[in-house]
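Since the structure comes first, as structure tokens, the remarks are kept for the end.
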Amino acid sequence: MEKLSETTPNGTSPRTFALNHSRPRSSFKGCSRISDYELLGKLGEGTFGEVHRARLRKTGALVALKKIIMHHEKDGFPITALREIKLLKLLSHKNILRLEDMAIEHPTRQTDKRKKPIVYMATPYMDHDLSGLLDNPSVQFKEPQIKCYMLQLLEGLRYLHDSRILHRDMKAANLLINNKGILQIADFGLARHYDGRTPESGVPMGEGKRDYTGLVVTRWYRPPELLLQLRQYTPAIDVWGVGCVFGEMLYGKPILAGESDAAQLDIIWDLMGSPNEENMPRWKSLPGADHLTPRPRTGNLETRFRQYGSGAVSLLKELLRLDWRTRINAVDALQHPWFKMQPLPLEPHEIPTYEESHELDRRKFHDRKAALPPAPKGGTVGVGPDANGATAGFNSNEPYGNGRNGVNGGRYRNGPDDRRPAWQRERGAGLPPRPPPNNDDADFRERGPPRARGPPGPRGPDVDTYIPAYNRDDPGRRRDDRPPPPRDDRPPPRDDRRRRNSREDRRFDRDRGTMSRSRSPRHDRSRDRDRPDHNGYRR
């Protein structure tokens, strides 16, 4: 066996060579300890973690610490968190959230040594998220401010798509804004690289090249091609989400708030028109369209958004185009004439400052729980009591002018409905109301869990296939995607017989001379007294 050389080609020892060519130790940055931060309060809780406001003790800088929740510790570190960390370390853009540090919280007591350390992601603290701002009744968006936010959102999206990254969960709650007017795209737990060309000016995205999971994007921001189970999708799915966010900023609340997959498609057809070979070619060939026969309708987007001007309507129609192959891309959307119309967009530093507004602050503003259906967990199917998500916040037969940013203002109405029971009130954009009481179900909270999901296939009319389980009555409870135990659908045993468990009942029976299984009758039976050999019963 040949002996390895003890020197490098230039005559130095391997150790000396390594020391001469090594990076300085100051260039390596490991993970901080959670004790390096002072926790200041909880900002929110999502599918994959909690977010806390904190201050770095060394510099005093405010950060957001995202606690990565280990739902199934035996499975190891969540793949979604690994993917998010990897992508955030690769990206660098003013409109993309930056990952600044990772922090570790080790078990403190000797008895907790078997527990795994808790990992936190540290990002710059942002004063608001767009969903929280839209729910803040003291905030009123004007057109120049909406244009400023839309330009920043499209700039960030163009950078992502130029980097061949799909976000796959574009929604208002994932858009962070600070009091300097800067908007940043956050939450890359569902993001991934995609195979395909990057967007070009004047060139539609066309067809996708490979299959991806369809269990992505929160329902209210989900494009029709995903609802119809297209697997070879493109960056056009993110553009649809931007269109939903744009309409939400104009109107003041989500414009496509469906209660289930089928309902989501129905309100999309109401807004954009029924699919046909002109506006959505070959839509019938999609797996989820086999049994669909939507009633003919022309769409009412122009009527509903007419008050916001022809430019806004034109951009919204391009962003929400049913045909994903010809849907506008971020490059062309940035050049849309609406941004050059009066009033012109504000500069970020010209946008007014607001009190801190995050998705969790909905309870502070309106004393209600979060309205959004939870984001799907990529690649898995969730089951749980909230399979149909939240109720719709948009009536397709109602003009958009009554939204909070519309001509009539007042997103949250007070009226005679406030004195009705919860199950009789009109549904808003919040949680589903409590069902009415009935004789067959004395306490609806005691119902068993829903049936477990079956294998993939044609969906029923009101079954949602991607909403993970949450107990909305207990917001601190972790999600559980494991299927529920088998449900026994047999009716309960009858309990309508009178039970003689008391001494008084037995005494009452004896006094009335009723028959009893536990003792002989006190008096002779008439048929026995008539017998010739009768001597009488003796006790």
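Quick reminder: no glycine exception, Cβ is built from N, Cα and C everywhere.
Per Swiss-Prot, the features are as follows:
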type: ACT_SITE; residues: ASP169; note: active site, proton acceptor
type: BINDING; residues: LEU43, GLY44, GLU45, GLY46, THR47, PHE48, GLY49, GLU50, VAL51, LYS66; note: ATP binding site
type: COMPBIAS; residues: 1-15; note: compositional bias 'Polar residues'
type: COMPBIAS; residues: 414-428; note: compositional bias 'Basic and acidic residues'
type: COMPBIAS; residues: 471-514; note: compositional bias 'Basic and acidic residues'
type: COMPBIAS; residues: 521-539; note: compositional bias 'Basic and acidic residues'
type: DOMAIN; residues: 37-339; note: domain 'Protein kinase'
type: REGION; residues: 1-27; note: region 'Disordered'
type: REGION; residues: 370-539; note: region 'Disordered'
Counting other CB atoms within 10 A of each CB, which of the recorded positions LEU43, GLU45, ASP169 comes out lowest?
GLU45
Conformational class of GLU45 (ATP binding site) under the three-state DSSP mapping:
strand
Across the domain 'Protein kinase' (37-339), what does the mean pLDDT come to, as a whole number?
91
Local backbone state of ASP169 (active site, proton acceptor), from DSSP in three classes:
coil
In the three-state scheme derived from DSSP, which category covers VAL51 (ATP binding site)?
strand
